[in-house]
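TrEMBL annotations:
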- 3-117: domain 'Response regulatory' (DOMAIN)
- ASP52: 4-aspartylphosphate (MOD_RES)
- 141-371: domain 'Sigma-54 factor interaction' (DOMAIN)
Amino acid sequence: MKTILVIDDEEGIRQILSDILSDEGYRVLVAQDGLSGMGVLKEDLVDCVVLDVWLPERGGLDVLNDIRSHDAEIPVVIISGHGSIDMAVKAVKRGAFDFIEKPLSLDRITRVVRLALEMKDLRRENEMLRNYSPASARSRLVGVSSALKEVREVIRQIGESDARVLIIGENGTGKELAAREIHGASTRRDQPFVAVNCAALPETLIETELFGHEKGAFTGAHAARRGKFEHAHGGTLFLDEVADMSAGAQAKVLRVIQEMRLQRVGGEETIAVDVRIIAATNKDISREIQSGTFREDLFFRLNVVPLRMPSLRERREDIPILLNRFLEDCARERGQERCLVCEPQAMEELCAHSWPGNVRELKNFAERVSIMAAGTSLTREEARRFLGGAAPGQVPEDGSEKGSALADYLDMGLSEARDCFERDFLQAKLRAHNNNISRTAQALGIYPGSLHGKIKKLGIEVER
């Protein structure tokens, strides 16, 4: 769990930020001035700081200097009730990640904090990738199936080239893992790998995220910001769910791919970039082109090397290997010496399951059973229960619906059953993502604000 430190002399602001960031799944610490804030930093591991620029005794910019001296890797988001362009420029020049004016937009706060943490993780990951060795590294594409061997062979063949790659596959098949493997096997491995989920970004933000913006380009643009293309300079840019981009964004991406030059939103300067493009989608691109929602010329530019990720149904022989890997990882994360063992009959159930969510669903299942299984081994009955009812195509011997996933809803009216199912479904999704609102919303394909609304409407209590 990421830890956020809020330093603000207004108790109301501290409480609001603590509540909203806690709802996003963060651990939140608070301090009322710079001195106590620095004390927290020295006593605890902090991932990001939200800092008020107007503080008693020692001002926020001076505290920013103190934080940078203590640990330059900690991103600092500055907030202020008396913002000015001059103040924003000073803060950014001194190393602040971003500058936000009060009254605070809670959506912007959560978005900026998320981006700050992603950038920090990105820097750490790039450091790890610099030490990557394709021959010796533990591949994250786990399995022995012929379908996966074909994927590995394509990655081996294209690793040393700069060819653009279009990865196609269902949700949860490991498209981003494949992209990272391609980057790690390439001559660009020492440079950034930057991932963008095009489906998770509103149309109004995607161009700013990809191409950056100049100061004053729109309300709230207090300073110039680099986009993902610039952050990926020299390395690899991964455009996930590329078919979800707007027509305008598609046109601009096509032009950048053709010219390797871009203009930030609101800017006139042409900026040269050097990136390898890897794109991915779970959609039928041919159908998207026929319907006019995806540009055919962009498809041809991206589809230099096509790579299809097989579903888990096509590589059932990999299920035992993947499950054991995930259970080992869960045990390691919890500091356990031994991991849960799957009994043979339980494994038969799992191998017969359809796994519509593919490897991601299997990983979530492993996390769930590692927490909730009663003993040291997973039984067939537990496997069925944690999968959500009887195995596909199976009903109890008496032919009734008893014991199936529908049993709890059969005595309800449609409206009540729908609400009950949605409540159970969301609670299960939240548990699978450790009650992290942002990650749960991303897995559901909705915005965090929409998930907050559903949680409130259905009376779901989210443990913090």
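Each residue, glycine too, has its Cβ placed from N, Cα and C.
A TrEMBL annotation is a machine prediction, not a hand-curated record.
Note that the structure is predicted; figures quoted are calculated from it, not measured.
Within the domain 'Response regulatory' (3-117), the DSSP-based counts of helix, strand and coil residues read 55 helix, 24 strand, 36 coil. The residue listed as '4-aspartylphosphate' has a Cβ environment of 24 other Cβ atoms inside 10 Å. The domain 'Response regulatory' (3-117) scores a mean pLDDT of 88 in the predicted structure.
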